[in-house]
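K.L.:
Below, the features straight out of TrEMBL:
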- CYS90, HIS132, HIS136: Fe cation binding site (BINDING)
- GLU133: active site (ACT_SITE)
Amino acid sequence: MAILPIVTYPADILEKQCEPVKRFDHQLIKLLNDMYDTMIDADGVGLAAPQVGVAKQIAVVDVGDEHGRIELINPRIIEARGEQVGPEGCLSFPGLFGEVKRANYVKVRAQDRHGRLFTLKATGFLARALQHEIDHLNGILFTSKVIRYYEPEELEG
Ligand SMILES: [Zn+2]
C-alpha cells in the first residue's frame, strides 16, 4: 500500500475529461488500492483518479455505510431523481466547503476492478458522493456548482 500525493486546485488535470479504462490489469488494482488508502488517510469519503494525477475514469467511494468500499471504473449515471441541498467539500480544495444541489437518487452503471459491469442505486449522502466523484472524471469541480460557501464558524461542531 502507498499513500499518494493529492493534487490540489489549481491543476490542469483536475479540469479535463478523463480517458476510459480499457485494461483491467495488476496496475489498475494497485492504483485502486493506493487510492483507497490515500482517501482513508486523508479522511475523505471519495477520491477520483485525476486527484492523484491519473487522467482515467477511476474513482473510489466509502461513506461508511453498509455499501462499504465502492470502486468505480468507467462509471455513468443512468438515472437521477429528486433533489438534495447540502454541504460538500473536496480533498483537492482543503478547508473549502460549499452548499451544493445534487440529485437525491442516482443509478450508476460501472465496471469493477475485474471489468465486470454492475449497477448501483444510491440515495442521500452516498448519491451525493457518487455524483461528486463522477463529476471529477468529466473535469467538473464542485466549486462550479456551489450555491454559497460556508464560513469556517458555520462548520464547527
Ligand atoms: Zn472532489
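Each residue, glycine too, has its Cβ placed from N, Cα and C.
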K.L.:
In angstrom units, rounded to an integer, how far apart are the Cα atoms of GLU133 (active site) and CYS90 (Fe cation binding site)?
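P.N.:
If we compare the Cα positions of GLU133 (active site) and CYS90 (Fe cation binding site), the gap is 9 Å.
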K.L.:
Indicate whether HIS132 (Fe cation binding site) is helix, strand or coil by DSSP.
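P.N.:
Reduced to three states, the DSSP call for HIS132 (Fe cation binding site) is helix.
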K.L.:
Taking the centroid of the Cβ atoms of CYS90, HIS132, HIS136 (Fe cation site), which other same-chain residues have Cβ within 8 Å of it?
P.N.:
GLY46, ALA48, GLN51, GLU88, LEU91, SER92, GLU133, ASP135, LEU141, PHE142
